[in-house]
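**Q** According to TrEMBL, the transmembrane segment annotation covers 177-197, 204-222, 260-281, 301-324, 397-424, 445-467, 507-530, 542-566, 582-602.
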Amino acid sequence: MEDERKNGAYGTPQKYDPTFKGPIYNRNKPFLFYFNIVKCASPLVLLEFQCPTPQICVEKCPDRYLTYLNARNSRDFEYYKQFCVPGFKNNKGVAEVLRDGDCPAVLIPSKPLARRCFPAIHAHKGVLMVGNETTYEDGHGSRKNITDLVEGAKKANGVLEARQLAMRIFEDYTVSWYWIIIGLVIAMVMSLLFIILLRFLAGIMVWVMIIMVILVLGYGIFHCYMEYSRLRGEAGSDVSLVDLGFQTDFRVYLHLRQTWLAFMIILSILEVIIILLLIFLRKRILIAIALIKEASRAVGYVMCSMLYPLVTFFLLCLCIAYWASTAVFLSTSNEAVYKIFDDGPCPLTAKTCNPETFSSSNESRLCPNARCQFAFYGGESGYHRALLGLQIFNAFMFFWLANFVLALGQVTLAGAFASYYWALRKPDDLPAFPLFSAFGRALRYHTGSLAFGALILAIVQIIRVILEYLDQRLKAAENRFAKYLMTCLKCCFWCLEKFIKFLNRNAYIMIAIYGTNFCTSARNAFFLLMRNIIRVAVLDKVTDFLFLLGKLLIVGSVGILAFFFFTHRIRIVQDTAPPLNYYWVPILTVIIGSYLIAHGFFSVYGMCVDTLFLCFLEDLERNDGSAERPYFMSSTLKKLLNKTNKKVAES
């Protein structure tokens, strides 16, 4: 409101009185008046964040219905002039006044709401009315429905509420930003501590979780048996599920003995399966826990690896900036197309026009109220017809560069953690700067392999984008076969993308270990994992569980702490917490930021686990513990597998 008072109807600065804090024209004018509130329903509101119609400050809202044509030659014109732009002089024709926006075409009885003048719309016997009318004259000789005013008033009120909401959120950020940073630092420290403590607590957490699952299933079986026994003899409990049929109220099934018997059988089968898996996979679970503990030690010795996600984030920001700037340049490299717009009936509406000569052209004489406005960027040359292809190529290059950046990070981290595993005396044989050395090797020797892997993934991703585009274009079609085919293609390429990401990740680890090309590394990694598929599955599920537990612990703890702090429920720092309009603004920011931080830390830790796992499998297949080919695994893994190095045993 303050900005609107400092500017005139067209945003032009006004003269100020030194004794009054505000423009002279707006003194004692507390209400904002819209010339044509119907335009507030225009889609431009979403782009400009304001109604595309002149707005002035007035002393009071209009209390009567008047059109400019009727008021011009009547006693009401002096009253009408107070709703025209400041300094309006009646020295123009009617068409020129309305075309230039000097005065509104019509005044509608209005009431002030939040210092804005909104139409005084009321319902009479279920019919919307303004005054005593269900329609109104728009000032250009045609009558319109009251619902147009209702829609415009809703959009204007929505813009007002959106502005107020944005300002309040901005105010909350200005007074709480440093507390938000403190919350994110706490999340960072907790993530680091969780990873370090995994070397001591990983086994305890995994076994406690397995035992709890077994106990919960056992209690479920016991509860189902008790309910099955309780319903014995009750009327209607012996009805079979087939005889009962489908019921929308699922609580009906809980009164049948057969339902609880089915639940008990299902839970018993699950219990037996889990116990059998635990018996036969116990050693593999122990190996997975040992690898997770070893990964925690490796991260502790290569601590700077925790900061590498910042490098990846910075490089991804550069890729996004390059893609966005190129996309905007391509979108705006067309010729500006102007079209004729008119609120009234005009046969030339939507025709192209030239804004420089429009005022003196035949079009302006045929439609006096028409305007020549910018519509879009376009053209008919060969370059313009190729723009869609250029945008697709730009998106493809973005995917390629982004995947290359991610691949570079994976190879760098894999190289650093592989140097830890293949050090015979840990950590004495570890290089001085393993992360920087791995980064240099990746850029110097493996750029082509990384680019090739990123290219394969980018091709699949751009095909998925094209399929999504075609799916949006074909949504209106009623061809069921086309929809089915499109759904199948989208599903297949989604699965293909997931598989290529998995294959690329392990191929990059093999590149970091042996320095072979992409195809050789991908083949070796794939067959190595297939030969140890059960170990892969066990390790994957154990690490997924620990990562889920860690994210829930970190995000939940920091989120609860932020909630109690910003809602003034911690008495020790009750007066320290800033006053807020919406306490959920900093709380949500802290929760989302904590999740991203935990995800960044655990992505490094996950890369460490995968690298050590592949190194462990290679160690088992290539070495035999002799003096020439000793095992490089940790002593815990050797003890689990009953492996020893002969040289160590003899000494």
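Every residue, even glycine, has its Cβ placed from backbone N, Cα and C.
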**Q** Under 8 Å, at least 3 Cβ pairs, sequence separation 6 or more: does that hold for the transmembrane segment (397-424) versus the transmembrane segment (260-281)?
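**A** Since fewer than 3 Cβ pairs under 8 Å link them, the transmembrane segment (397-424) and the transmembrane segment (260-281) do not come into contact.
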**Q** Go through the chain and flag residues at least 6 beyond the ends of the transmembrane segment (542-566) whose CB is under 8 A from any CB in it; none is fine as an answer.
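**A** Same-chain contacts beyond the flanks: 176, 179, 183, 186-187, 190-191, 194-195, 198, 202, 205-206, 209, 285, 288-289, 292, 573, 577-578, 580, 583, 586-587, 590-591, 594-595, 597-599, 602, 605-606, 609.
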**Q** Under 8 Å, at least 3 Cβ pairs, sequence separation 6 or more: does that hold for the transmembrane segment (260-281) versus the transmembrane segment (204-222)?
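**A** By the criterion, they touch.
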**Q** Considering pairs 6 or more residues apart, do the transmembrane segment (582-602) and the transmembrane segment (177-197) have at least three CB pairs under 8 Å?
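**A** Touching, yes - the transmembrane segment (582-602) and the transmembrane segment (177-197) meet the threshold of 3 or more Cβ pairs under 8 Å.
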**Q** Report, as numbers and ranges, which residues of the same chain sit near the transmembrane segment (177-197): CB under 8 Å and 6 or more residues beyond its ends.
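**A** 296, 299-300, 306, 550, 553-555, 557-558, 561-562, 565-566, 577-578, 586, 589-590, 593-594, 597-598, 601-602, 605.
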